[in-house]
């Protein structure tokens, strides 16, 4: 009897598993809040230079007493090409002649201007406070907005590398509890950060922690979609960035308490692999009692003492620690999907509609996307589904370049692109699982996950390319999935195929790359396995 069959015998999906799953689901809902939080805490409100008018240097000493705010802006701030106040420059001296309706207004560049040496005035009608308004991260400093998100995603990557190994060594429960504690503390510290540098440090450490419990609960990622919808509501109700940050961080103290003192049990499979059979027996007996299988639970000790008992079947510790980079195609797919996904999801202000509405829609579109991709993978196949979703996502992202901001068409194309990338995420994860042979499957998934996080780090940085050419970021975000979609067509189909147990079985399926080409690829990856 295999270990999985034995677990099914003592309860399967019983009361214990249902409660366990529900308690793990709640933190995952807030995972989206932390990943996408900077859409709101780092939102850039409308702004312009502080208006400074020296009445002593004008022939109208009482003019400022009779002007409304729009007239003051007209004489103090030049207009951009869209006839809106410039965000980063102001007139050196007030241009009173611009108030005369008979005077033709010259181009702002023909008049003397200067940078915003005295700071900025922000539109606080939507956001009472963000890190942008608090630390003036606009104009020449606007790149620090994207930098902060990349630093956070770097923390997620480092957390996956560090906490993943510690989880294998010290157990899933210990790392889950530690991750809850670290995220609760670092998230709270972020809310009270006195400077931009301290903010980035706390966000980095919070990202590490989030990655820690994300690894332990990967099977519950479907509820991540609910978190995106919840974030829209929380951000709408809490327009101050510090209070919003605190709201999504404090619940992790509660998660820490119930995971430590109340319910969570260590993974029985990990306990067996770690040679802690006695503790594994106690855990499984507890599961059996909760599931109404007390008699089966009492037999566990007898089963364990058998030389070739269930605890020794179906487990291969050596295979779990093997590693191999199976193919650059899957790595490229994971990277580009994550890269374009976060490129869209973290640029909500660029669509010209309510940021809360677009966040809500972006979250809700994941539900039909997951349904469609599930049907597609089941009937059409993994390879065609992955390629189609990636190609469609890339095409609509690039097509949006030619659509005016604020319109229904632009928003609809963005939602379609987001939905396709969400579907591609599901598809590429399953496809990767089915392509890797058993001895290196976990390592392959881990490497692919690492590259996905690298994509999340690079995505905000690519937004800085609009300093050189405004259309460059969407071109890059669109080109990445198109290239990956084309490459995905070269992969073998895995629909209705048994999971490969050996590299030789994988080799036999590489019909698209040809005999010697497939063999050469496998030789290269086998050499890489010795390095990893």
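The backbone N, Cα and C atoms fix where each Cβ goes, glycine too.
Just so you know, TrEMBL annotations are computer predictions that nobody has curated.
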Out of 329-350, 351-372, which range is noted as transmembrane segment by TrEMBL? 351-372
Transmembrane segment range according to TrEMBL, out of 71-93, 94-116, 117-139, 209-231: 209-231
Choose the correct range: of 409-431, 501-523, which one does TrEMBL annotate as transmembrane segment? Give that range. 409-431
If you count Cβ pairs under 8 Å, which stretch among 384-403, 409-431, 443-462 touches the transmembrane segment (351-372) the most? 409-431
Is the transmembrane segment (176-197) packed against any residues at least 6 beyond its ends, judged by a Cβ distance under 8 Å, and which are they? 27, 34, 131, 135, 137, 144, 148, 159, 163, 203, 205-206, 208-213, 216-217, 242-243, 245-246, 248-250, 252-253, 255-256, 259-260, 264
